[in-house]
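A quick write-up on the structure given underneath.
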Amino acid sequence: MEPIEIGIAVSAFLLVIVVLGMRVAFAAGIAGLVGLFWIFWAKFGYEPDRFGRAMTIAVKTAGQVPHSKVASQSLSLIPTFILIGYLAYYAGLTKALFEAAKRWVGWLPGGLAVSTVFATAGFAAVSGASVATSAVFARIAIPEMLKLNYDKRFAAGVVAAGGTLASLIPPSAILVIYAIIVEQDVGKLLLAGFIPGAFSALVYGGLIVSMALVWPKFGPPVRGFTWRQRLAALPPAFPIFFVVFIIVFFIYNPFGGDPWGTPTEGGALGAAVVFVMALINGLKWGQLKEALIETAKLTAMIFTIIWGVLIYVRFLGFADLPRAFSDWISGLDQAPMLTLVMILLAYAVLGMFMDAIGMLLLTLPVVYPAVMALNGGELVSAADSTFGMSGPMCAIWFGILVVKMAEFCLITPPIGLNCFVVAGVRPEVSVQDVFRGVAPFFVADALTIAGLVAFPQIVLWLPSLA
Amino acid sequence: MAGHSSVLTDGGRLSQIDRGLYRVERFMALLSGIAVFSLMVLAVVSVGGRNLFNAPLPGYVDWIQQLMPLIAFMGVSFTQRDGGHIRMDILVGRLKGRALWGAEFITTAFMLVLIVLLIWGSWAHFERSFDFTRPLWSRDSSIDIALPLWPAKLLAPVAFSVLALRLVLQLWGYARAFAQNLAEPVAVPLVRSAAELAAEEAELVSGGKE
Amino acid sequence: EEWNVSLWGKARAFTSHVEKLAEVLDETTDGEFTLNISYGGLSKNTENLDGISIGAFEMAQFCAGYHRDKNPSITVLELPFLGVNTLEEEIAVSMAVYNHPAVQDDLGRWNAKLLMPSPLPQYNLVGTGEPRTTLEDFDGMRVRATGGIGEAFRTVGAVPTSVTSSEAYAALDSGTVDTVAFAPHAHLSFRTIDMADWWTTNLNPGTVNCPVVVNTDAYEMLSDEHREALDAAIPVVMDHYLEAYGKIYEQWDQVLEERGVEKVTFSEEDLAAFRAKAADPIREKWIADMSAQGLPAQELYDVMMDALAKAQM
Ligand code: NA
Ligand code: NA
């Protein structure tokens, strides 16, 4: 068999064992190892006496991946941002945000769900990890919604979807990874995430309000807060603005002049600021220990998927499947905008089965140059370009679109990580419940993405000021 | 069931070993958390040193790369003990009794095979970076300040070995459950009733300041 | 026969000799011996030697400075201020070192055989703000430079800072560093030139050494015909490589002009003072350290300098 055929066969095998219930990280590792062995043994012409040699090469090649792939500076942003999220939770910031959102927008139809969306958007500004955001809000928002008789599946869906905002609104680990892969300005990319993130939150809110208007049995609004109570809810949430200020200024200085450092430092300093706030709010050693262990647990889960998927990706490299994919995309004879939309759809499909980071790592080296070429090259001016934007602006626009797609795949079955995490935190909700509850948000995300494709200015206005 | 499940205990030998190993795993997870915390400290030192004393931390990136394996691997077995590694449970979730324990036994056995092979592979990776006869026993070093890489590379087979022990223990638990047709076996992650878990969850959240 | 080749990044002048090698072999062996080149799909760049050692692929490129302890012997080529001026001279000194038995033993630990160099132009600084035109101006300057070149800058009071090459642009932008040391093509590909106010033309502190190696077993298992085809192709592909870099140099001058980057040229006295401070102590320390590891360090250094003298005649 040709390597590419082996690549397709092993990918099908991976799909089967994941559906059969093998834990995803290990399923990917097994598929990768089996695939590597197959490739090497095929190269030896399946000679029986070289079976052991092929096995040794496959095992040693796979054995490199875990250390090799995790020992990376850019990936260090992931545990840092998870830690910020947990510390913010122990510092009381999540509850404060939720309370403030409840008092200000709870009166809307479906008010608690709308509040949840806006509180997750606010929390997104101190959290770089979507999964962590969903995890903390599953703890505080779902019980309150259940008390008011919201459908448990929808309540879980709101939290799973709301969590995805954390990767568009800075700080965002995944935007940083995109910037590093495509060698673009991290500051401008992060800045570009603000408005699309807020736009996404508004679309989510609009969707919830419409649903509440259509179905009268939807959760009731929370009324009766006085203006005094509303104002009183703001100061406890205020520290979050301070954190936003610190992190943003460290990554990008909106008023001109030098920013204060690199993204890696900015993220870690953000964590330090939240830590000091948690201390001021009376963080105990026991709680810090709990936050550290919870961070370790979520980090271990995410990194195990990362290295597991990367063993599989390493095998794909030997099978040369990425190149076949790229040839196919660039050989299409059709309108560039249609190709772009097809690439985004391909991400939606791929994202259903792959970890977001693994997916970006695997595809961007191939897809990004193709998109740049579609637009007319890296150095093209806005006037000469296909999509009406300069090369660097196209890189930012495509980055936001891809990250939004990667976020989308956090809530799509069968491997929507956010849904698993919400189900993991809430015992009364199963994964299937969350997937059912989150389904309406697919529509909202489709609308958001269509909006960002049709009106690139939503993405590009802020970075173009810089 | 996908994420957080709980593990039953009793006075038997299997459960005793389970809890003993759990203490080790929890300690390793705490080490991983402390390593994350030290990323934060490193950044403060690096930024402070650069801006206040014009003395950036030498090898800031190299140190981060040394810390990352500690962060990424040390919690792997802790997470497996509670069934925290994600999976699709649409099919497995429908099984009960012997069918469930049999299925769990088979997937866990495959995981064990993978992990044993990865212990071999990651040990070989460590071995290539290690040489007793060289300064600092190092045959592979970091790019900027030439830190030896073998200690970080050694963490993978060490963490995987603990995970292998955990998997063996879970295999034992599933085999016992299968043989004796148990409803609620000890030492393996279980699906429990929503009410039971809700009570536990409430307790956990009340521990954190909201 | 098909060999897998592990490179990284994307096809560029730096990989043009391997790309050409694939083409030439395909022609001379009528498609019987082919190279399947992968950019990053088979291994991480710092682990290409590991992959060669395992036998996962048959050919790979790496840079000595990525991992000094993996290849102590060839780090001699990364010592600062060797006085190498052209790519041709860089090829001559590299090959002289590669052919030394101690070097072959060193790489032999990885089951690797050195095939050819990927000579790089000398590093120079790109900087922001007021141009630094004298040695005194380097005092307290934060510079992105690694390995021996970083050490060299330290001797004149600069502060070497760890930033990966992909973060260099952001670091320059944010003021984390004032200057970045790269070869011209890297200033282009990592876009540090876009931030530049000035560029040093003649600091030439040194460069990194990035050989292409093959798996020894695979090389020996080649049929005589294929091995001869491979060996015969090397001079051809090196010529092609030099041509590719020639084009970059043309582009470089044009880029400097377009962006209004000021060219800073150091006086001979300053350069001599810099060399005196940096070159001798770092070289002596290198020779002492490597001799302690049992390498014929002095001999390696002499072989290299002899080759340079010959190339400059
Ligand atoms: Na965020
Ligand atoms: Na659950």
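Glycine residues also receive a Cβ, built from the backbone N, Cα and C atoms like all the rest.
Where the annotation comes from TrEMBL, it is an automatic prediction and has not been curated.
The model shown is predicted, which means the values in this text are computed figures rather than measured ones.
The following features are taken from TrEMBL:
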DOMAIN    A:13-458  domain 'TRAP C4-dicarboxylate transport system permease DctM subunit'
TRANSMEM  A:12-41  transmembrane segment
TRANSMEM  A:74-92  transmembrane segment
TRANSMEM  A:112-142  transmembrane segment
TRANSMEM  A:154-181  transmembrane segment
TRANSMEM  A:193-215  transmembrane segment
TRANSMEM  A:236-255  transmembrane segment
TRANSMEM  A:267-286  transmembrane segment
TRANSMEM  A:298-315  transmembrane segment
TRANSMEM  A:335-353  transmembrane segment
TRANSMEM  A:395-425  transmembrane segment
TRANSMEM  A:437-462  transmembrane segment
Range from A:112-142, A:193-215, A:298-315, A:335-353 with most C-beta pairs under 8 A to the transmembrane segment (A:12-41): A:298-315
Contact between the transmembrane segment (A:74-92) and the transmembrane segment (A:193-215) (at least 3 Cβ pairs under 8 Å, separation 6+): no
Touch test for the transmembrane segment (A:154-181) and the transmembrane segment (A:335-353), at least 3 Cβ pairs under 8 Å: no
Whether the transmembrane segment (A:395-425) meets the transmembrane segment (A:193-215): three or more C-beta pairs under 8 angstroms: yes
Residues of the parent chain within Cβ reach of the transmembrane segment (A:267-286), under 8 Å, 6 or more residues beyond its termini: 76-77, 80-81, 83-84, 87-88, 90-93, 126, 128, 171, 173, 176, 239, 242-243, 246-247, 250, 261
The domain 'TRAP C4-dicarboxylate transport system permease DctM subunit' (A:13-458) [mean pLDDT, rounded to integer]: 84
